[in-house]
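These notes concern the structure reproduced below.
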Amino acid sequence: MLLSSSSGPGPGPGTDARYATSSIYKLSTSKVITGLVLFRLINATLINTYFSPDEYWQALEVGHNITFGYGYLTWEWLVGLRSVLHPAVFAALYKGLSLFGLDDGSLFIYAPRLLQALFAALGDFYAYRFADRLFENQLTANWTLFLTVASWWNLFCSTRTLANSMEASLTIIALYYWPFIGSPSRKTQGNLKLSLFIASLTCIFRPTAAILWLFLGGWFILGLVCQGRWASVIYTGLNVTVIGGGAIVASAVLDKTLLYNEWVWTPINFLRVNVLEGISLFYGSSPWHWYLSQGLPILFGIYIPLVLIGTYHAFQASTGLNATLKRQVLYLSLWVVFVYSALQHKEWRFLYPILYPLLPFAADTMQRLFLSSRDWKKSKSRIAIVAALLVVNGVMAWYTTLVHQRGVVDVMDWVRETSRKSGGQGQDLSFGFIMPCHSTPWYSSIHLRDAKPLPMWFITCSPPLGDVDPTTYKDESDIFYEDPVAFMDNLFKNRSPTTNPKESHLVFFEDLINTTPDMRVWLDSQGYHEATYM
């Protein structure tokens, strides 16, 4: 448990008792940070599964391209939809490893996640601090620390190189420093400039982060206006203009310098293509209630009842310690869920930034539950609750990080080691990936020092851009799965054995030959056989 073993008199009524309790159960900041960093580093090394293509294709692959000159750039980068800032973090890491001759082997593969583990640890730490700011109760802060560490979603996602993971960590840091209206105590006063700077970074990483910050900014300005603090309104507006505008310009300079070679305003392109043109719908749509029926239950898992009870208590308390501040956080979370629910394309990870701000409300429920028992260690029901939290989260984390969708990561390890055994040059190796697009990592996962890029291709799934009619458009994946054998025959029929030989290896899911028997016949006719796996 995260509770101190220190002993002392039980808390009595009043403010003094609250601070006495905080003093008794306060954790060492240095030990908390050290423990979180070590924990997340271990967490990062244990992940052996595939979750979202963006972890690789929108981060590591782009960073690899910037550093080494090769790495697949998806359509988003060809139309200037994304800022290079997030991939640049990993490009800098790759460059450092290369300079020290460490861009080879397992270290190169794990290094990005180890770096992300530091941001994940910061997210955990600031969730803990944010809980103390919200509730000014050390026990609630301690329970928040327990919940964020035990969270199956954090174990599964926080150390992945997704922009959403970085966004979530930075968001809770920015929220901790945000000067919420109606925060009376000295402990709840924020740092507007620092918060705005970090918020600007989240919006560059993920333009949709502006949904959260527009609400907070609007609430803040409205509060200042209602209080007649016009000088503060002007001061805030100037800070937003200078910090936010400066971040956008700096991002554009970085984009032009590292990748695009021309001025590109990625937030505008992102809004135009994904929202106004509706290209995001090409990758799926979900009903309005999806986040309520699936998104939040998946994100919070077994914590859902705790969050709901904590939310109920916060809304019930019309007065009291930081009541207004707590409600602002809850209204903010409801706003984010509402706006994302209005968008048709939905994914679990989009709600990640509200996980950390809501955990303190679950922690408040735990604090109330255990505070009601004078000797909770002898309470079987309370011990059972903690055990259930650990077991359910542990099983879900084990399955998603070590079992589910592991094969597509393992096969790239096999490709890398096979290339290494061929002398790192892969003279006779080439790979075709006949599976849904972006089903595996790519060059960033098979990199070998001083090795030439392996000839590889995959079946693409670029959306209908420009004047293409989306109702009749078929991407390469659609065409392939209509008739896999005809697709491969057409691909191979005009190949020259000397100038364009067939691939030495084809990679696909076993289901392809189970559902399409003719595919097995075609593979046999081309001389392919199952490769020996490691």
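FYI, residue positions are counted from 1 along the chain as it appears here.
A Cβ is built for glycine as well, from the same backbone N, Cα and C atoms used for every other residue.
What TrEMBL says about a protein is an automatic prediction, not a curated fact.
Per TrEMBL, the feature transmembrane segment maps to 139-156 (among others).
Panel annotation: around the transmembrane segment (162-182), residues 51-52, 54-55, 58-59, 86, 89, 116, 119-120, 122-123, 126-127, 129-130, 133, 188-192, 194-196, 198-199, 201-202, 205-206, 209, 212, 216, 219-220, 223-224, 324-325, 328-329, 349-350, 352-353, 355-357 of the same chain, lying at least six beyond its termini, place a Cβ under 8 Å from a Cβ of the stretch. Per TrEMBL, the feature transmembrane segment maps to 162-182 (among others).
Residues or ranges marked as transmembrane segment by TrEMBL: 194-221 (among others).
Taken from TrEMBL, the feature transmembrane segment applies to 233-254 (among others).
Annotated transmembrane segment per TrEMBL: 295-315 (among others), in sequence order.
Within the chain carrying the transmembrane segment (383-402), a Cβ under 8 angstroms from the stretch's Cβ atoms is held by residues 1, 46-49, 51, 147, 150-152, 155-156, 301-303, 369, 376-377, all 6 or more beyond its ends. Marked as transmembrane segment by TrEMBL: 383-402 (among others).
Tertiary proximity for the transmembrane segment (233-254) is limited to same-chain residues at least six positions away from its ends with a CB under 8 Å from its CB atoms, namely 83-85, 88, 192-193, 196-197, 200-201, 203-204, 217, 220-221, 224-225, 263-267.
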